[in-house]
């Protein structure tokens, strides 16, 4: 197999403190906006500038806010034990079509984490019986003792036993935006996300295309008679530039238009990750991963995508705004003393929560949030029906992720879909979040540890995408 090679290019970026003064931060962000605009205007044509559709936020403001303010903190947070271990079932069968067979490429493989390596405070949150093979007798005793003390829930503080009781009953009654894995299934396993990074695995072709085609064609409120640009099944029409699709899209209500843009933004973000973490060479089992400008150009340059690439990137920014808004809305849930990101290491748990709260403060400070109140704001009966349709469509997409043939792609697809589903759940639960009591859980709104881990890591992926997009702008500009 021919491997694309990229000559490394030194990208000189401004390095700032994680805790600069307000004046320094504002100055840095102003300079970053100017720098981002200047590089975009001179790069390959994959550039974005100005205000996004369906909101009042500009690309340059997001670039500066993300790259110089929130991205460094997110990166540190994702390295914390609470957020690095994700529990997932990668063996669930595809519910929609016969299996195409799993990817046999070595980079598709996911290395599960032995439960003996997972912090006891995290393990105490599940209901599985621990085998002697997975844990030492000492570990089993510690986990059982933790459960007896009330550590059923690894998110809420062990000071509130009422919280643990409510937690155990909560999942069965809650309406979710995602199809959740049964944590008691023997096929569920812990995965260390830091040891299984999202990157290009070589998984492509009919199997991968079938997944995305099913998502777009059957779940984005689109009639069969309307074809997406670059859809290989679309009839060849002379002079068709794909504008007919966008004319149809603009005719939809805001809610359905937003739904399509969220899915397109997620797709764009994943494509960016694959371009940024590409196997450049593999010398005797010593792989080198890095940005592949050729792959990026193929996926996003207007000339190679019939003008579609920049639209995909705009949807990435739109998705970023949606999840950023969710973080700002859910801050009060985590600010309560009853909520604790519990791993069993008290000192680290306190530092992790303080870092998370710092990110929430940044999220709330962003001045150009998406206004979710503009959605589902019409006739109450119609709004409820549309909201439920919105939820069921998204839940169906989360089920399609079990049809992905590459385990690593399936892992990150499930995590990012669950993260977005959690963000939507937050945005549609504003009243319940606002009425949360300080010292006990609310029966109207709870987040499981899985949802919290997915939410932060999914937003971390979007934040990384925007950072990598900036890096590609520099690389392509230097290659001119």
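Just so it is clear, glycine is given a Cβ too, placed from its N, Cα and C backbone atoms.
Copied over from TrEMBL:
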- 406: active site, nucleophile (ACT_SITE)
- 409: active site (ACT_SITE)
- 199, 201, 212, 264, 267, 299: FAD binding site (BINDING)
- 103-108: disulfide bond (DISULFID)
- 143-178: disulfide bond (DISULFID)
- 406-409: disulfide bond (DISULFID)
- 1-24: signal peptide (SIGNAL)
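Known features from TrEMBL, placed on the structure.
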residue : record                   : CB count, 10 Å
103     : disulfide bond           : 23
108     : disulfide bond           : 18
178     : disulfide bond           : 24
199     : FAD binding site         : 19
201     : FAD binding site         : 19
212     : FAD binding site         : 15
267     : FAD binding site         : 17
299     : FAD binding site         : 20
406     : active site, nucleophile : 23
409     : active site              : 26
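Inclusion criterion for the recorded positions 178, 406, 409: a C-alpha placed within 10 angstroms of the C-alpha of residue 199 (FAD binding site); this criterion is met by 409. Nearest by CA distance to residue 201 (FAD binding site), out of the recorded positions 103, 108, 178, 406, 409, is 108.
The two recorded residues, residue 406 (active site, nucleophile) and residue 103 (disulfide bond), show a Cα separation of 5 Å. For the residue listed as 'active site' paired with residue 267 (FAD binding site), the C-alpha to C-alpha distance reads 12 Å. A gap of 21 Å separates the Cα atoms of residue 299 (FAD binding site) and residue 108 (disulfide bond). Within 10 Å of residue 264 (FAD binding site), counting CA to CA, the disulfide-bonded residues 103, 108, 178 contribute nothing.
Of the residues the record lists as binding FAD, namely 199, 201, 212, 264, 267, 299, the two whose Cα atoms sit farthest apart are 21 Å from each other. Among the recorded positions listed (178, 212, 267), 212 has its Cα nearest to the Cα of residue 103 (disulfide bond). Packing around residue 264 (FAD binding site) is summarised by its Cβ count: 22 other Cβ atoms lie within 10 angstroms of its Cβ, all protein chains included.
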